[in-house]
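Colleague: Under the heading Zn(2+) 1 binding site, TrEMBL lists HIS85, ASP96, HIS195. The Zn(2+) 2 binding site annotation in TrEMBL covers ASP96, GLU131, HIS388. Per TrEMBL, domain 'Peptidase M20 dimerisation' is recorded for 219-317.
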Amino acid sequence: MPSMPKITVNAQRVSDELEKLARFSDHDYPAVTRIIFTENDIKARDYFKSLAREAGLHVREDSIGNIFVRLGDESALGAIGTGSHCDAVPHAGRFDGTVGVFGGLEALRALKTAGFQPKRPIEVVFFTSEEPTRFGIGCIGSRIMSNTIALDKVAALRDKDGLSFDEARGSAGYKGTVESAILPKGYYDYFVELHIEQGPVLEREKKQIGIVTGIAAPASFRIHFTGEGGHAGGVLMPARKDALVPCAILIQEAERLAKASPSPDTVATVGVVKVHPGAINSIPAKATVEFDIRDIRLETRDAVVTAVKTLAKRLADERGLKVEIEDINSDPPAVSDETILKVAEAATETRGYSHMRLPSRAYHDSLFIARIAPMGMIFVPSKSGYSHRSDEYTSPEEIGRGVEILAQTMAELSLR
Ligand code: HGY
Ligand code: MN
Ligand code: MN
Ligand code: MN
């Protein structure tokens, strides 16, 4: 039985690489805006691949831009996978996703340096399009890999300029059929993602490592109202069919419902509202409001979703508006695999790192890989719980501890 070597992680190297990566951004440091298949996303990809090749690891890419970096030879056994994303929402931080990609690479480098011989291959994935920014739905890469999104839905995806997912990936040099990116059965035996917590719990509880028990279930949808436009002065109030006012009512009601939910984990967010014609002195003729509603439990999440949609229809009736409800996604939560959690906890015990179990309220690519393999996640703390903001921060020491636990956990799993 191959033995477990002493694994030494170079935390400063990962941190330096993340600082360099953070400069591949549409906005000034420390803000990171990195939209899928744009120039800065491609720079991030090239940088990651160059480091992987420098480390003598095998690199391959699929037709939709997922990048796979592998340690170990082909095996009849499934691989041990890790990975995350490097695309970033506008004005995000520099650690969301990237810690799991570059930390995953460091874990493979550390295992290779230690001369570890895995019984199964170990690979880190740079997932394509985890954020919903460009195409409106998150985790496109992992949804396709796990065959959990209809291919005609992928073909119908358009960005704000009307460019399709296929045209965008093609412009970044990714050819071939989307279907070819679907992973064969048994591709992974285990999948473990390293990520920043994006919440305040580890810091509040003074824990160094989070052992993630499950991933919240996200649902998102758009509500389109169509009324009549008109002059802001000439149309008196009783005669109006204002398409934006019902959006405002829905936004307030969604907040009220989430706060009133019996589950403390119910969250409702509206981050996007579009108005046409969008002039200060024109009555909105059309308006779209986008909802992101989540919970660890499906029933309390769906209670809010249903109530918001029901109210939208009632408001449209009362106000003589047209309403269209466009579902984007409604995903079930994922539960982590107990074997992975126990192996990760044992690794923290070996190193004497404080740890705790907690759920992930953000979603991740692991939410979809969990459909095709036993999944687990390892969290490292986020300063003040900040994320999707430029002052997101996790220290090199905290990242280093997460990479050590990831490397140890994957090595143990690869020997099973
Ligand atoms: O929205 C999320 O939970 C993730 O950051 N895409
Ligand atoms: Mn994110
Ligand atoms: Mn993320
Ligand atoms: Mn303990």
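Note: Cβ is positioned from N, Cα and C throughout, glycine not excepted.
Could you place these features in context, so I can see how deep they sit and what lies close by?
Modeller: ASP96 (Zn(2+) 1 binding site) falls outside any helix or strand according to DSSP and counts as coil.
Under the DSSP three-state reduction, HIS388 (Zn(2+) 2 binding site) is assigned to coil, being neither helix nor strand.
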Colleague: For the binding-site residues HIS85, HIS388, work out the Cβ neighbour count at 10 Å and name the residue with the minimum.
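Modeller: HIS388, out of the binding-site residues HIS85, HIS388, has the fewest neighbouring Cβ atoms within 10 Å.
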Colleague: Checking proximity to ligand 2 here: which binding-site residues out of HIS85, ASP96, HIS195 have their Cβ closer than 6 Å to it?
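Modeller: The binding-site residues passing the 6 Å Cβ test are ASP96.
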Colleague: Output: those binding-site residues from ASP96, GLU131, HIS388 whose CB lies less than 6 Å from an atom of ligand 3, in sequence order; none if no residue fits.
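Modeller: Once distances to ligand 3 are taken from each Cβ, ASP96 fall under 6 Å.
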Colleague: Nearest to GLU131 (Zn(2+) 2 binding site) in three-dimensional space, by Cα, is which of the binding-site residues HIS85, ASP96, HIS195?
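Modeller: Out of the listed candidates, the nearest Cα belongs to HIS85.
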Colleague: Using C-alpha atoms only, work out the spacing between ASP96 (Zn(2+) 1 binding site) and HIS388 (Zn(2+) 2 binding site) and round it to an integer in Å.
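Modeller: Cα-Cα distance, ASP96 (Zn(2+) 1 binding site) to HIS388 (Zn(2+) 2 binding site): 8 Å.
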Colleague: Cα-Cα, whole number of Å: HIS388 (Zn(2+) 2 binding site) versus HIS195 (Zn(2+) 1 binding site)?
Modeller: 13
Colleague: Once near-sequence residues are set aside, which residues in the chain of HIS195 (Zn(2+) 1 binding site), 6 or more away, have Cβ atoms under 8 Å from its Cβ?
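Modeller: Long-range Cβ contacts: SER84, ASP96, GLY97, VAL99, GLY100, SER360, ALA362, HIS364, MET377, ILE378, PHE379, VAL380.
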